[in-house]
Every structure is written in structure tokens, then in C-alpha cells.
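Q: Below is the structure I would like to discuss, written out as C-alpha cells.
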Amino acid sequence: MLEYYDDDAYVYDDDDEDAPITAEDSWTVISAFFREKGLVSQQLDSFNQFINYTIQDLILEDSTLILEQLAQHTTEADNISRKYEISFGKIYLAKPSMTESDGVSHAMYPQEARLRNLTYASGLFVEIKKRTYEAVDIPGRDLKYEIIQEESEDTEEGKIFIGRVPIMLRSKYCLLDDLSESDLYRLKECPFDMGGYFIINGSEKVLIAQERSAGNIVQVFKKSAPSPISHIAEIRSALEKGSRFISTLQVKLYGREGSTSRTIKATLPYIKQDIPIVIIFRALGIIPDGEILEHICYDQNDWQMLEMLKPCVEEGFVIQDRETALDFIGRRGTALGIKKEKRIQYAKDILQKEFLPHITQLEGFESRKAFFLGYMINRLLLCALDRKDQDDRDHFGKKRLDLAGPLLAQLFKTLFRKLTRDILRFMQRSVEEAKDFNLKLAVKATTITAGLKYALATGNWGEQKKAMSSRAGVSQVLNRYTYSSTLSHLRRTNTPIGRDGKLAKPRQLHNTHWGLVCPAETPEGQACGLVKNLSLMSCISVGTDPVPIITFLNEWGMEPLEDYVPHQSPDATRVFVNGVWHGIHRNPARLVDTIRKLRRKGDITAEVSIVRDIREKELKIFTDAGRVYRPLFVVADTQHADGHKDLKVRKGHIRKLMLTEYQDIEGGFEDEDINYTWTSLLNDGIVEYIDAEEEETILIAMQQEDLDPSVPQTVDPSDELDPARRIKAIHHSNTFTHCEIHPSMILGVAASVIPFPDHNQSPRNTYQSAMGKQAMGVFLTNYNVRMDTMANILYYPQKPLGTTRAMEYLKFRELPAGQNAIVAIACYSGYNQEDSMIMNQSSIDSGLFRSLFFRSYMDQEKRIGMSITESFEKPHRTNTLRMKHGTYEKLDDDGLIAPGVRVSGDDIIIGKTTPIPPDAEELGQRTAFHSKRDASTPLRSTENGIVDQVLITTNQEGLKFVKVRVRTTKVPQIGDKFASRHGQKGTIGITYRREDMPFTAEGVVPDLIINPHAIPSRMTVAHLIECLLSKVAALSGNEGDASPFTDITVDGISKLLREHGYQSRGFEVMYNGHTGKKLMAQIFFGPTYYQRLRHMVDDKIHARARGPMQVLTRQPVEGRSRDGGLRFGEMERDCMIAHGAAAFLKERLMEASDAFRVHICGICGLMTVVAKLKHNQFECRGCKNKIDIYQVHIPYAAKLLFQELMAMNIAPRLYTDRSRDF
């Protein structure tokens, strides 16, 4: 329980290679998985796929630009037509590099990009060929073109630069890929940094996986009462590669249950009305009624379904041939007033290109599309006849996650289109003006560079012009607060539904989420359940080409759809690949077995999913990108005599894995070179990837013991009955096909840190998952060479005493975020009520929970106009306008502050001036001497510290650029926030010195005292078990294993604690620190891991007397950073009204805010009085009134409102009680 490995873990007696594996061995498999995949493999694989294949595909898709220049026939000789053609070929990607302002290029490493605010990107080059054709244009004959010249561009074998693509760190094209640890140290990179993000203008950006519904699947839904449609079947067809161009087809069943004519109509794209389905079938060339019904209803004896189709056949009775049907559809098109032939062609085009485009967009596949439409109607009717439930929108197998690859592909496609359009325009201009066509000038490389950069920098995914329509928040700044918060951010997924939607369904945890997304880690509040996090072992498919699989199916007895005659083969199974119905098969069981064998051998990619629905007689194969899958152990088919089955994985495999791992660490043994990795397991068919769809066709055992039916039933009589032991469910089945590698792998990054999460009430784990991301620790080991905007580093981080096995892969022991505090659970003076706690001041003085805080300030000399720039210098009052009120004395002459200088609020740390253009007046403050204006950066007014580091460099334009880092030590004090790993957060209520704290008989004094009332209502039992286990761990000198779903019991831990001579449940006798008397009750006492959270009282404290005012309303400004006021809001106002405290109310809302004096005319009641206060003369010119004038005090905001109303021709007249009656 406490020790992970014996000392001789790698030394085996030569026992049976074929022995079954133990629970410990499954962790070896998990280690192999993470050693090969890492925690951000989904990001890296997706990006690699994009660079390796997608870009080339997208460029070849739009590869040829053609421009024809027809003969003008102005003179006899002018009868030559020309055709210009430009075609794109192979692409080349350079290494990430940068070009300095003086034109020198060099390789760029990520750290340089971060410090100099550059973009880590690689140049993209493409081969471009130009061809020119000519033809003699003889009227009445077709043109015959001949090539007259063909040239590749000579620049380096015809490679043209078309833009820079940002490179994901640690991907295949990153300079850090496959570097050793020492190389990384040399480049000032942290070896723990896992990559998976981009560097754009110096800031680290992650692409959050975007969840969407999968395309190309038929879904049937019921519609609720007021709608005339009772059921609807819909499919969102999307072409496999490229544009994600989506065309939706809906088949609607009109008429509610029990109504007479329940017709079925379909909504076609670009057609204004719904078209009866029989007409669509006839337009597809299927004329006889019987044949149409055959396409829909596969069983000719199913009279119920045929009965439902009767009204449809009757409805389409009028139209009996293909032409008429096509004309019927064409008439309802968007284009009006066109001839019949045109209409028919229009309808044909729509049926070919827009109707079910995912099947094909070529002509001659009408039969396939007809069968598919029939299948949709069949599904619709099955649901209407209550033989099948409606589809579940929230089924995770019907969702796809778009990662960096698909997201960038979508963007790249748009930008490349734009680029080709520009080239075409340039060609046209060149041809018209008979200029030389220069490719270098035609290709605007900034289109792609700037487009990708903009999307990644702002998170608005789409073109800059259409910023409103595009999705926001796709790219986010990587959270660098703690190492685990970074990891968690890289594995986050987002569902783009409106956050304000009150729909509960998409937010709920669904059964199909098991093992794929974490059940605990989701934010509270408006994004709850919409933002999810991947479980530790889940991966996302990158998408593979379905063609080999389709070829294989055709060879293995799949009959093509065109030859399918339903009534002849009623038992045939329909075969779908990526939602396209390709054909039927008569022996599906054998086919599925064969494909599975191929997949387990590695002949078919492991990420392909194979789903056989026996009841529906369907076989679905998915190879598309964005499916979430996870690995499982495969159970061997052979059944033993006693009915149990074995896992395919045996002790021998585990040994090979361990030897490989040992080689990696120790350098291995000379004699044998074993390289047995996770991939080897996959290719040996020992583990298998299963996605949410396929998971429903298999049976998964939770532990290895479940496979053996003889184990749970027989209770060993020698065991004394342990009341605390976990109760195992008795299985009534032994047809398992798979087994979980370990159930704790259902959790995500943040929840894997929680000890015993299976002993907590579920929302507590969710709270901790959110708080763990705010804990201080060491976010990366190279924090000293980074200039982050903000960074918090704990002085003495400790690894927890109660650990989970998953922490190994989260590197939590190497980069922890907390300390093991000695905690007593007691009231003791009552300064820990309501989630506050008492902390030991002496421990704080020794450095408990101290932290460093770094903040960086950045500035650069900007260009103004062509020649003039701002300059860093120490401004002088003599020649500089608008100087700030902080002190400039700490600056050196170059305008920068030296490291080691102590600074406090509002001190200037970067001095900079801007030249004033000679014609500017500067509000009359300017004298002859003033030639510049101050543009310096002061320290934040509420902070102080020591200047830690100053960096001077130049940016891409070659302008001077500085970053200054200020360092502060934050010592825990009253009001700072802490939390255990169970959602038990609290602030310090008081600190006592050691002599005032209670102590145990051994003289141990706690660091923290928390209130016992924090435990019962919150049911965080794991908090107590962790404390108990940590106590044992501290006494025995081992780490305590607090992983979820193990056989560890409180009794087991209590026994161990007893053996160390302590009270078995962790209680101790304590003495009052003030009086020395024994405390009445025994106190629960032991170490618990606590985290210091980022909310500190020094960053929150705020008060104000008088201060800055808003310009428009003259009310106090808002916000602590601007020294703003405290809002007396509507609710506070209501309380004052309820109390009847009128004078106080007037003081708060007027005197303390924006009191203002106006003069009003007693006659007209308007504020039109001209007041000369010096001479005591007043006059309302409109009324010629000089005597009847009153002075009133009203809020300035009210005066403003009155004036704005007057601007809208509404006259608010103010009357005093002394003005005359109107």
C-alpha cells in the first residue's frame, strides 16, 4: 500500500512468461503509454497531420489558375487566343527562423521568440509552374491550344514563398523536437515543458479543442406538439477533406399521430419548398412505385410501414417521369424566370452537387443516393412506428473535437483561396496592360502570414473582416500559474453553444463520457458542463484515408449498393464507411472479425473504429478525425474450462516493457537490446483503442479479477470479516471482450491530483479541480529566464505525503504546488469560524507558504511617422510636458532602472519620451522649451518590490525594446487564501505564535488549525483519510498511496498507525497553549497537503476618500487600479429608502459623488441662465428675466440627463417651491 516498488523490482526469478498480470503490472502499461504519448499527444499529432498532409492537400485542391485571353479580331492578324495557366505543386516547410531588420536571417528558438515578442513560425514555400498556350481562333471551330512556353520559376528550383505558418512547440517541425535534456538546458528551455502551444508575438497560445456534432450521420428526432411535423430525420453532409462545406438534408414526417394524411417531404438545399419524397426518387431516376417502396421498406411484408408510405405515393401520383420530377424541383429553385431546359439542368445540378454531397458529387450515382434517401426515410418511419427510440443528441460518439489540425486547415483554406484570387487578379491586370507577369509580385505572402497570426493572437477564428461572425475564444493565452494548470489547459475542450442558454442537457455528464472526459473537472457557473477536460488516457483521432478500407471491403465480399435488391437478401447487413452506405454483406460476423484482426495486427490504423449493430443489421466503420478514443486491454477469446477468460497481456509482455524502461533510465544491459513500447503492445493486439461508438458493442470488465467468475463468490474462511472492505458486485456474465487498464484513468489532469477522490462528495472534487489551478508552485524550472507578465513561485514546495499513482505522469512530485502542513481540527479560540483558519506565525517566520511574485513591465520605442521615434531616456521637467507624479530619481541616464533597486508604488521604472510635433498646442501648457512629452511606465500603484531583471533587445523592426521584471516576497498574513486538495478552502483568521498554539504530549505544534464544522456537511471524508495516511507515511518514511479505486481501507491505515504507537484513528491529547491545561476533547491531528491560492489580501485591499473622477459624469472612476470609488448600488439605495435615512441617502448619492450647482429661471424652469458670479448678475435671455432666478444643487449626472433630453427636443423644467405657479 505504501511502497511502490521493492528494491529489486527489476530482478525476476524466471517464472512463467505466461503468468497472469497483477494490478501493479497495469501501471507498467500505463507508464509505457505516457512515455510514448505524453500528455499533449492529441495537440501534437493533430498539428503534425496538418503540416504533413493537410496543407499539401488543400493546395492541390485549388491547384490550377487559368486565365483565357480570347482573340480580339480588331485586325486580320489579331486572331490568336492565349491561355495562361499557373499550377501549384509540392510544398516545402523551412525551419523556424526570423529575419532581422537588417535582412539577416537566422534560426529562431522558442525562448528568443518569448523574450523578444516574436512569432515562432516557419516559412512555407510552394513550387509554381507557369504555362502559356496559344491557338488560332477560326470562327465556327473549337479552339485547339498548344503549349508555347512552360517554365518553372528559377528561384531555387521554382519555390515561391507564400507565407509563414506558426509552429506548435515540440511538434515534428519544432527545433526542440527530440532534443536531449542537456540540449534543452542549453537553450534555456524547461525539460518538463510539454509543448502543444504556439508562440505568437511572444505570448503562448493554446488552441482549445472545439466540440461539434459529427457530420454524415443520420439522426431522427421527435418534434413537440405545436409543430406540424411529428418526426424529422436529418443528416449534415460534410465533405471528408477540406472545406467542411456543410449541406443539410432534412426528411420531415408531416401530420401528428392519428391525423389522416401523414406525408413525408424533404428539404433540399437551395430549394424554397419541401419536396415530396416520391418526386425526389423519380428525379433520381427511380420511376415505378414498387421500386421506390423497395428502396425505403426492406421487408415487403411490413404492412405497417407500407401503410405509412401510402399517402406519399398518392401525393407523387401526378408526376410519373424523371423530366417532370426534375422540372417540379427546378421550378421551386431560387432563380426565377428561366426556361424549362435550364430548370431541369438546375435541378440535376442540385441533386448531383448539393444533395447528399458526402456520398459523391460526381454524376451517375443516382442509385446510391436513392438508397441512402430510402435509408433515411426508413429510419424516420421506424422511429414514428415506435420501433426505435429517437437519437440522443448528447451521445459522445456522435460528437467530434476539432483540434489544432482541422482548425488551422479551415483557416488556411480560406486564406489560400484569398491568395489565389489575388494572383488571378494580378494575372488579369498584367495581361490587360501587356506587362511582364512577375510571380514574385503576384504572391502576397502577408495574406497567409497575417491571417494565421491574427486568428491565433485574438482567438477570433476566421477572417479579420468578418470578425463578428467568427467564433471567439478558440485560441487562449496558455495558463502558466502551476504546472498542472498548464497541462489541464492543453487538454481542455469547449462546446460552442451560447453560454446563457438554459439548456441543461448538453451540460450533463453522459454515460458515454466514461473514460473519455473527466467527470469532475469542469468550471462552475455559466460554462459548467460545456467546457470539459480530457481524461488522462484519452486521445483524439487525426483521421485516416478510408480508401484502403473500402478497397478491402470490396475484396472481402461486400456487394455494391447498386446491385442491392432488398427482398432477395432480407438478412444482408448494410456497410457504412464514415456515414456513406457503400454496400451490403452477407456474413458480417466473419467480416468484423477479419477487420478487427487486421486492426490488432496494425495493418489498419489503430484509431479506426468498427461498430457492428447486430439488431439494426448495420456495420459502421469510422476513420474520420476528431473522435475521442481510449485504450483498453483485450480479453482473449479462448475460454477456460471453469468459464473464465484471460487477458491477452501476460507477465512476459510486462517484463519486456520494464526492461525497455530500465534501459531508457540506466542505459540498459549490453547483451540484449529490447525495445518493447506501447506501440508494440498495440501491434500485438494486446491493447486496443476504443471510441464511444464502439464501446457500446463490447463488454468491459472493471478489474482483472472480474474476468475470473470463481473469485468473488468463494469467501476465504481464514479471512476475518473486514467490515470496511469494498463490496464487489457479483457478475452474472463472463462474456467480457475488454478490460479497463485502470479505473482511475477516467479522471483528468486536475482531478488526478486529489487523494481518494472516490471518498468525496462529487462537487468537492469539482471545486478542487478548479482550485488546483490557482495553487502556487513552480510552474516550470526555467522561471528565472522567463519574463512572464505575472508569476508566483512557492519558496519551499513539497511533494505530498498522500500521493496518487497518476501524479507520476503529471510530474507533480517534481513540480509540486503546496506543502504538507501539520493540521489540527479544532475550534481553539474561535478565530477559525466560517472557513477561516488559525496559522502558526512561527512557521510563517520559518518560511511556511512564502512565495515569490514576479511582474514584468514591457515597453518599446514606437515609430512616429517615417523618421522620428520615441526614445528611452530620463525625462527632465525643463523640456518635457505632462510628467507623472512618481519619482524619476531611480532611473539611470538611459531611462532604465538598474536591477537590485527597491521600488514602491508609482515609481517610474521605464523612462520614455515622445517628441511633440511643432504645431501642437498641448492645451496651452506648452512653452518654447518643451520639445517632448512624457510616456514613461510607472510601477503599479499598489505594489512594491525589487527590480529583478532588465532585458534590452530589439524587436522585429529593429526598434529598441525593454522588459523589466520586479520581484516581491509575499508572506502569508491574515486574509490570505489556502485550500486542502478537497475543495476545503479557507482564509487565515488569525496567526498565533508557537507559544500560543496548542501542543500535543510530544510537544508537536500544528501549523494550521481548521474548524471541525468544515467536515460534516461537506462530507469530504477523503480529507480525513488523507490526514491519517499522511501521518502513517511520515512515520514510516514512505509515500502513502491515495489513488482512487484501490483496496485501501481506513481500517488498514489505522492498523499501521497503531503499530507506530499512535491512537489508531489519528486523535491526540492536546494542551491549551495559553493555560497549559489539557483540552477536554481529543484532537484529530496529522499532516495534510495544503495549497496556497493566488487570492491574497494585499492584492485586494482597497479604500478611497477623494480621487479621480470620470470626465463625462464627474462621478468617481471605477476599479482598484485607477484608485476608484466604492459603488453604492441599487440594493444599498433600496435599504436606505427602507430605513427612511433620507439625509444619508442624499449624502451618498450626491455630496459624496457628483454634487453640482445650477441656476434656473423661475419663469421657464430651464437651465438657460447666464450667471456672472463675480458681479452677482444673472439673466435668462429667453425670458428677458433678471430677477426671478434660483440656485439649486443637483447631481451632475442629472444635469447631464436634462441637457441630453433637451437635445432631443424634450424640455425638463425645474421648479422650486418658490417659483411661480404655472
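Cβ coordinates come from backbone N, Cα and C, glycine included.
Since the structure is predicted, the reported quantities are computational estimates derived from the model, not experimental observations.
Take a look at what Swiss-Prot says about it:
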type    : residues                   : note
BINDING : D835                       : Mg(2+) binding site
BINDING : C1161, C1164, C1180, C1183 : Zn(2+) binding site
ZN_FING : 1161-1183                  : zinc finger
Q: Going by Cα-Cα distance, which of the binding-site residues (C1164, C1180, C1183) sits nearest to the residue listed as 'Mg(2+) binding site'?
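A: When the Cα distances are compared, C1164 comes out closest.
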Q: Using a 10 Å cut-off, grab the number of neighbouring Cβ atoms around the Cβ of the residue listed as 'Mg(2+) binding site', all chains included.
A: 16
Q: Could you give me three numbers for the zinc finger (1161-1183), the DSSP helix, strand and coil residue counts?
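A: Secondary-structure breakdown of the zinc finger (1161-1183): 0 helix, 9 strand, 14 coil.
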Q: Give the sequence-ordered set of same-chain residues, not counting C1161, C1164, C1180, C1183, with Cβ within 8 Å of the centre of the Cβ atoms defining the Zn(2+) site.
A: G1162, I1163, G1165, L1166, T1168, V1169, G1182, N1185, D1188, I1189
Q: Restricting to the chain of C1180 (Zn(2+) binding site) and a gap of 6 or more, list residues whose Cβ falls under 8 Å of its Cβ, or answer none.
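A: Same-chain residues close to C1180 (Zn(2+) binding site) (Cβ under 8 Å, separated by 6 or more) are C1161, I1163, C1164, L1166, T1168, V1169, V1170, K1186, I1189.
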Q: Out of C1161, C1164, C1183, give me whichever of these binding-site residues has the highest number of other Cβ atoms within 10 Å.
A: C1161
Q: Please compute the mean pLDDT of the model over the zinc finger (1161-1183).
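A: Taking every residue in the zinc finger (1161-1183) and averaging pLDDT yields 93.
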